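Chemist: Quick paste from TrEMBL:
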- 456-473: compositional bias 'Low complexity' (COMPBIAS)
- 10-457: domain 'Major facilitator superfamily (MFS) profile' (DOMAIN)
- 456-484: region 'Disordered' (REGION)
- 48-65: transmembrane segment (TRANSMEM)
- 77-94: transmembrane segment (TRANSMEM)
- 100-121: transmembrane segment (TRANSMEM)
- 133-155: transmembrane segment (TRANSMEM)
- 161-181: transmembrane segment (TRANSMEM)
- 193-212: transmembrane segment (TRANSMEM)
- 218-240: transmembrane segment (TRANSMEM)
- 261-281: transmembrane segment (TRANSMEM)
- 301-321: transmembrane segment (TRANSMEM)
- 358-381: transmembrane segment (TRANSMEM)
- 402-423: transmembrane segment (TRANSMEM)
- 429-450: transmembrane segment (TRANSMEM)
């Protein structure tokens, strides 16, 4: 960029747009019990205000990333934010659950701004600032979601549900800043958009999520549950076959042949699942009446403030994580982040009797998310050429968002499947089970990160040309293929 200040301005705009979207991920979480009352709907039905938002994001991310390559990232990002604003406006006036879910689907499409933002940073930042920029954008995904929890509580207690959804209209100044202040990116030759792939992706994930969400009500071995799972699995197989046959697939599954890319994507899927299990369970635990033998009986505002530690830890660690990873290696950073996810889940399994337990669990969770997310983004930056970076980060964000949708569905299944005797309120075992699942998912993410090649996650300056450099390059390639 022309001036030293320009990258900072660009990053500020991207963080504002990304934070606006990220807030909407969890604004409804604290309000889910109130939404069930307000619309006279079941907990499973109201949970789709969160699940549909994440599912929409998973389906739209690769489409938005491709449109950004063809029509320019700034233009595409501006349009995406305007669609987000339309969804916010619908939510503000919705008087029943179906239009509210439609508005949430439109807002969820804005998840595509993350691969666009990654691409803008990669194209326009000096090399020494790329790691920090990618880490900051990765962190805002979780920071915004963490801030959404206390903000939701404040609005519910002091205003109304209508105002809660009106927060989404922050997308208007975000769209304006995007259009006026971001640089335009180079465009690639126009390619066909894989709309069929997007439909297959959304319906395959949606079918499985439907089974997970409704399994307790339908019965896990019932015909509707088995049919939904079978349909989702079949559509996933069709998607893979379709991807191998089309000239411009929605997801470039061939990238997964590179172990670094495969591990970064698997890890971030698991991080997303663990994160949203906690995002759903923690506020519900804080709101639970202590008469049940657990919980704190707080107001929505206090419940949100107890969870602010998750956002603050990401806010502090996120911008630093990329720089730390550049020093110690992104493999080590990713492993450290996943260990913290295990610790967060295990802490909440055994220690959830005091308000401070939520705060400490949130600190562990937020720090782990920030480290693992920054590591995954930078592993991809090192693993793929610049021309494929947008596609790679698009796939990564798809899997993170899909992981979040599965995490939310798992948490909902725990809460509705383990209720106190004689009522519909969740039993303590529902929370213990959910936190245990989050810890196990974190452990699986650690195993995946451990399999990252030792030399595959370290950013090194290019070597100066000298005799024997070809042999050194060959040794480097061999070492990058060596298992950890």
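Cβ atoms are placed via backbone N, Cα and C, with glycine included.
Just so you know, TrEMBL annotations are computer predictions that nobody has curated.
Describe the structural context of these features.
Modeler: Note on the transmembrane segment (48-65): residues 24-26, 28-29, 32, 35, 76, 80, 97, 100-101, 104-116, 119, 193-195, 197-199, 201-202, 205-206, 209, 213, 250-251, 276, 280, 390-391, 393-395, 397-399, 401-402, 404-405, 408-409, 412 of its chain, located 6 or more positions outside it, place their CB under 8 angstroms from a CB of the stretch.
Residues 10-11, 14, 17-18, 21, 24, 28, 35, 39, 48-50, 52-58, 60-65, 68-69, 73-74, 76-77, 80-81, 83-84, 86-91, 94, 130, 133-134, 137, 141, 165, 168, 171, 182-183, 185, 377, 389-390, 393-394, 396-397, 401 of the same chain lie 6+ residues outside the transmembrane segment (100-121) yet bring a C-beta within less than 8 angstroms of a C-beta in it.
Residues 9-10, 13, 16-17, 20-21, 23-24, 27-28, 31, 34-35, 38, 74, 77-78, 81-82, 84-85, 87-89, 91-92, 94, 100, 103, 107, 110, 151-152, 155 of the same chain lie 6+ residues outside the transmembrane segment (161-181) yet bring a C-beta within less than 8 angstroms of a C-beta in it.
Within the same chain, residues 51, 55-56, 58-60, 62-63, 66-67, 225-226, 228-229, 231-233, 235-236, 238-239, 242-243, 246, 248-251, 398, 402, 405-406, 409-410, 412-413 sit at least 6 positions outside the transmembrane segment (193-212) and bring their C-beta atoms closer than 8 Å to a C-beta of that stretch.
Residues 197, 200-201, 203-208, 210-211, 253 of the same chain, all 6+ positions outside the transmembrane segment (218-240), place their C-beta atoms under 8 angstroms from a C-beta of that stretch.
Counting residues 6+ beyond its ends, the transmembrane segment (261-281) has Cβ neighbours under 8 Å at 25-26, 29, 32, 50, 54, 142, 145, 149, 255, 310, 334, 337-338, 341, 344-345, 348, 361-362, 365, 368-369, 372-373, 375-376, 379-380, 383-384, 392, 395-396, 399-408, 410-412, 414-415, 431, 434-435, 437-438, 441-442, 444-445, 448-449, 451-452 in the same chain.
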Chemist: State the non-local partners of the transmembrane segment (301-321) in its own chain: residues 6+ outside its ends, Cβ under 8 Å from one of its Cβ atoms.
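Modeler: Sequence-distant neighbours of the transmembrane segment (301-321): 30, 132, 135-136, 138-140, 142-147, 149-154, 156-158, 278, 282-283, 286-287, 333, 355, 358-360, 362-363, 365-367, 369-371, 373-375.
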Chemist: Under an 8 Å Cβ to Cβ limit, what residues of the same chain, 6 or more beyond the ends of the transmembrane segment (402-423), are close to it?
Modeler: 25, 43-44, 47, 50-51, 54-55, 58, 205, 208-209, 212-213, 215-217, 268-277, 279-281, 284, 292, 429-431, 433-434, 437-438, 441
Chemist: Can you work out which residues elsewhere in the same chain, 6+ from the ends of the transmembrane segment (358-381), have a Cβ less than 8 Å from its Cβ atoms?
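Modeler: For the transmembrane segment (358-381), the nonlocal Cβ contacts are 118, 122, 130-131, 134-135, 137-139, 141-142, 146, 260-261, 263-265, 267-268, 271, 274-275, 278, 282, 285-286, 306-314, 317-318, 321-322, 324-326, 330-331, 333-334, 336-341, 343-344, 347-348, 351-352, 389, 392-393, 396, 400, 442, 445, 449, 452, 456-457, 459.
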